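Trainee: Pasting the feature list from Swiss-Prot:
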type: BINDING; residues: 9-16, 56-60, 118-121; note: GTP 1 binding site
type: BINDING; residues: 214-221, 261-265, 326-329; note: GTP 2 binding site
type: DOMAIN; residues: 3-166; note: domain 'EngA-type G 1'
type: DOMAIN; residues: 208-381; note: domain 'EngA-type G 2'
type: DOMAIN; residues: 382-466; note: domain 'KH-like'
Amino acid sequence: MIPVVALVGRPNVGKSTLFNRLTRTRDALVADFPGLTRDRKYGRAEVEGHEFIIVDTGGIDGTEDGVETRMAGQSLVAIEEADIVLFMVDARAGLMPADEGIAKHLRSREKTTVLVANKTDGLDPDMVTADFYSLGMGEVYPIAASHGRGVTSLLETVLLPFVQDEIEEPVELSEEEENAAYWAALEADEQASEEEAEDDFNPEDLPIKLAIVGRPNVGKSTLTNRILGEERVVVFDMPGTTRDSIYIPMVRDEREYVLIDTAGVRKRGKVTETVEKFSVIKTLQAIEDANVVLLVIDAREGISDQDLSLLGFILNSGRSLVIVVNKWDGLSQEVREQVKETLDLRLGFIDFARIHFISALHGSGVGNLFESVTEAYACATRRVSTAMLTRIMQMASDDHQPPLVRGRRVKLKYAHAGGYNPPIVVIHGNQVKDLPDSYKRYLMNYYRRSLDVMGTPIRIQFKEGENPFADKRNTLTPNQLRKRKRLMSHIKKGK
């Protein structure tokens, strides 16, 4: 399960600045849900190859009324959902009564909490953080989020211990070693592709994890019940690693599925109303754990910014996608045409996803969903050999040559598979990281057409060897030095 990190503190202590600093590693804010939790932001961060979900809980006003009553219900649940809480304070403003109130609340929750003193740039960190030790939160980590100072140390000390995978240090290679590594990697990948037929892994043997997500009241629960009702299976709760989600096994056409329900299919006595409404964290985790995501959209309300934010998170997660437009029944032909035009306009950038128009209430169109689900899963888990990927890369290069970079043509050497669900193509070559985005999109679309991929995004990664002589000046040989000396002497005599 991807760890969840909540940023907590008074207003204007720099939580949003740190949030942007962390999520910028993925080049954007991943998701923004103004309709569910006002002025809250949710994003994905990557620290040395490990992913985290970052939650900006907004400002908490701990006044004389007490933090317990002044804190928004959604923020309370965000803290409960978090694996780590970064409690941020303002080093320039010093210790405030609100900080003490928030600290008291956090201590009562017994959460893993790290005290972060922001805005220490230009100040003596030891001096400005001394007062905060009285909060009893342990070590104080001074940072300057706006400049990034101290953030790396904070991440390495606080976040990385939550992941167990060891990170290998990069090894510098000489030019000969780099060339040998290219051919060795190519040979190894070709050998691996030949052994694929003997590989014990078969995606068909595993159940397809299907997450049903969307805004409130778009019909997620109705669709879940319709799917289960049609199949007449015994529904039981199977607890999983993603908290606050219910895993429901089912069988359809002799194919096993696991529905990940994010609509709160639980006993009402075990949850509070606030927890029930706060579905952001469990939705994000359900997406991460799923193989295929059904994004449900209300045909009567159209596509909202919240739908696009959720869609952006799905795409960045690399999950297969099927778009479901619900409540299609009862709409006039004119309204249906308008809805389709809006979908084409706002969802034109995801032309790889199938769109289904259904009525979960009456069941029309629901049965056809599973054709697209199985197609998307098959495309996402299909094994493709190194020889095939390299041949497609060469065909794409022949049809449209890579551009010149600093006067030299970018050279694509070979390609191989780097992962599945989503499919990842790794292209090796010289200066490949300098390719413009337009050519990268061209390669991605070329692979999609050539492999006939539907329902899942394709990711392309570029790798190149470092030139060990890039920063070294050429040294003259003894003969060249003598020749240079004679030329300089001749020039001086001529003057």
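Going from the start of the chain as shown, residues are counted 1 onward.
From the backbone N, Cα and C atoms, a Cβ is placed for every residue, glycine too.
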Trainee: Hey, does DSSP put Trp328 (GTP 2 binding site) in a helix, a strand, or just coil?
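Mentor: Once the DSSP labels are grouped into three classes, Trp328 (GTP 2 binding site) ends up as coil.
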Trainee: What is the separation, in Å, between the Cα atoms of Gly9 (GTP 1 binding site) and Thr262 (GTP 2 binding site)?
Mentor: 28
Trainee: Pick the one among the binding-site residues Asn12, Thr120, Thr262 whose Cβ has the fewest other Cβ atoms within 10 Å in this structure.
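Mentor: Looking at the binding-site residues Asn12, Thr120, Thr262, the Cβ with the fewest others within 10 Å is that of Asn12.
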Trainee: What is the interatomic distance between the Cα atoms of Asn12 (GTP 1 binding site) and Gly214 (GTP 2 binding site), given in whole Å?
Mentor: 31
Trainee: According to DSSP, does Thr57 (GTP 1 binding site) fall in a helix, a strand, or coil?
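Mentor: The residue in question, Thr57 (GTP 1 binding site), is coil (DSSP, three-state).
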Trainee: Rounded to the nearest Å, what's the C-alpha distance separating Thr57 (GTP 1 binding site) and Thr262 (GTP 2 binding site)? Just drop the number here, would you?
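Mentor: Counting only the Cα atoms, the answer is 21 Å.
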Trainee: How far is it from Trp328 (GTP 2 binding site) to Thr120 (GTP 1 binding site), counting Cα to Cα, in Å?
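Mentor: Cα-Cα, rounded: 55 Å.
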Trainee: For Asn217 (GTP 2 binding site), what residues in its own chain, 6 or more apart in sequence, show a Cβ-Cβ distance under 8 Å?
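Mentor: For Asn217 (GTP 2 binding site), the qualifying residues are Asp298.
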Trainee: What are the sequence-distant neighbours of Gly214 (GTP 2 binding site), meaning same chain, six or more residues apart, C-beta distance under 8 angstroms?
Mentor: Lys220, Leu295, Val296, Ile297, Asp298, Asp307, Leu310
Trainee: Quick check on the domain 'KH-like' (382-466): DSSP residue counts for helix, strand, coil, in that order please.
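Mentor: Split into helix, strand and coil, the domain 'KH-like' (382-466) gives 32 helix, 25 strand, 28 coil.
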Trainee: Over all shown protein chains, what is the count of other CB atoms within 10 A of the CB belonging to Thr57 (GTP 1 binding site)?
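Mentor: For Thr57 (GTP 1 binding site), the 10 Å Cβ neighbour count is 25.
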Trainee: As a test of reading the model: what is the averaged pLDDT for the domain 'KH-like' (382-466)?
Mentor: 89
Trainee: Rounded to a whole number, how many Å is the Cα of Thr120 (GTP 1 binding site) away from the Cα of Thr262 (GTP 2 binding site)?
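Mentor: With the alpha carbons as reference points, the distance is 41 Å.
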Trainee: C-alpha of Lys15 (GTP 1 binding site) to C-alpha of Thr262 (GTP 2 binding site): distance in Å?
Mentor: 28
Trainee: Among all the protein chains here, how many other CB atoms are within 10 A of the CB of Lys15 (GTP 1 binding site)?
Mentor: 26
